[in-house]
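Worksheet: one structure, shown below.
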Amino acid sequence: MDKNTIIGFVLIAAVLFGYSWFTKPTPEQLQELQRRNDSIAQVEQKKLEEIQQSQMVAGNADSTITVLNEDSLRQVQMKEAFGIFSDFTTGENEKINLKNDLVSLSFSSKGGALTEATLNKYKTHDSLPLTLFDEKDNEYGFIFKTGGRIVNTTDLFFKPIAGKDGKSVTMRLDFGNGKFFDLVYTLPEDSYMVKMDIRQKGMETILPGNTASLDLFWNQNLRSQEKGRMFEERNSALYYKFVGSDVDHLSESKDEQETISLGLKWIGYKNQFFSSALIPDGKFNGALIRSGMNNDPAYLKNFHTETTVDYNPADNNGPGFRFYLGPNLYPLLHSYDKGVDDDKALDLDKLVPLGFKFFRWINTWIIIPIFTFLGKYIANYGIIILLMTIIIKIFLAPLTFKSYMSSARMRVLRPQIEEINAKYPGQDKAIDRQRATMDLYSKAGINPMSGCLPMLLQMPILLAMFAFFPSSIELRQQSFLWAQDLSSYDAIFSWDAYIPLITPYFGNHISLFCLLMTITNILYTKINMDNTGGSQQMPGMKVMMYLMPLMFLFIFNNYASGLSYYYFVSTLITIIQTYIFRKCINEEKVLAQLKENQKKPRKKSGFMARLEEAQRQQQAALRQQQKNKRR
């Protein structure tokens, strides 16, 4: 770069520096410029805020319009779906409670229904309050049909009105102008019965003039309340009573549905020890009823009912109903029919399954009175069962003695019977052997069936007790010795593993009273066979006789320990009686008497004559078969 070029660049730089120096604003000019910029920024910010505010107002207006449009649309839809009932489709779900010493109830304004029932004097097997149902388990309602619409009261909000006495609550649908539809619930003192009455005014202007019936439905998931689900499930079912007729029920073990065209007096949802029953003051005009199994551990079954009742919208006093919400206690349920004609009786006591007619008669007229009488003076039900067993065994003692005497006569004739067996050996001489044996019995004055008849006469009581103990709520949660609950099994050993063919039928436990009952039955079988000599005459029968007590172990392992305890004590007393009879009876004198009888001419009894005639016919038929084989 030459000298002139350098001088040129220096002069240009000097000119630029000088220009910037002389044109720089003063401090006063800088402050004025800053104030002007701030004012412009404020104006622009204000304009921006005004624009945003305008947009927000516009947005809120749009939202308000949208909400109003949605509400209007919903109102139109409700009006279309519910008609005059649309005013009751919104509201607050209020709870109203009623209580007495026996039961606590909760009612909901949504649906105007009873939604929860708790029994105050009972607990579940794990010591929790015993709630029959709550709003998740139980639902019922009425169906109004008007203007081509079907309106379910469960979709409507009622206005709750508490009674001044604290014993009643009214759920009201108020249509205005003095028109209303009320469900009036009343809970008397010391009662498991809850009254539900329909009170109304002006309903003939709301419902069609030709309305003659009111539809009703009732759903319930039946809760499990006891320790032994298998046995509880077996004793739970949907029950119903025909007007002027008997009580029936759906299957306890499978899903079932039935359509009934006849009038019904009541419909009940029965657990093993507790029931919910709906009873109209008049009758149900037939019904569709359904029962289904429920695999949820907290529940047993699902029950459903659809029915109708006579209804007049112009009648201020509409149909009335009662809910029974309580225990399956026979004396209590039977008391509701005191002073009532048979054709008007409720027969709620049929909710307690006491066996078929004859066995039920034994239970209601013999067993329950004894049980109730002893219960007035003795608090321990284990002692009551013991005393009741002793009373029954004393009552049956003459039959037991007669049965033992028959076996004693058979036993002292055993040497002569063995001689007959030796004289007619083999299967081909079986008829001759049997005829000779019958001749011996006839001459000795022995009826082979005389020993069986007394035992058969005892069977009705044994079978009646089989039905009584599992149904007796008095035994529920009553402890005795190691058994914590005489209405359930008394497990002394249990396991969690599922064992095929064992768990479904035997269970995952061993019940001690059932085991003791089995042992005493095996012992009694041995004693009885030794007395009759059956083990020598019929060796094949010996195995069968010992198999029966073992079968009892499988059958009764899940049953009420009170039942096994009764059978155990009863068999033990029978064994003791057998030894007492053996000590008191001189078998030599019995044999001498039989030999004396053989010397006397005896007229054959009708039974022996028929038996010998049957033997002759059998022998003739056998000979004919042998001739046919030779051909």
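Yeah, the Cβs are placed from backbone N, Cα and C, and that goes for glycine too.
Please treat TrEMBL annotations as automatic predictions, because they have not gone through curation.
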Transmembrane segment per TrEMBL - which of 353-371, 505-523: 505-523
Answer with yes or no whether the transmembrane segment (381-401) touches the transmembrane segment (452-473) by the criterion of at least three Cβ pairs under 8 A, sequence separation 6 or more. yes
Near the transmembrane segment (543-559), which residues from the same chain, at least 6 beyond its ends, have a CB less than 8 A from one of its CBs? 228, 230-231, 469-470, 489, 505-507, 509-511, 514-515, 517-518, 521-522, 525, 529, 534, 567
With Cβ-Cβ distances below 8 Å as the criterion, list the same-chain residues six or more beyond the ends of the transmembrane segment (381-401) that contact it, or say none. 367, 370-371, 374-375, 454-455, 457-458, 461, 474-475, 478-481, 483, 486, 562, 565-566, 569-570, 573-574, 577, 581
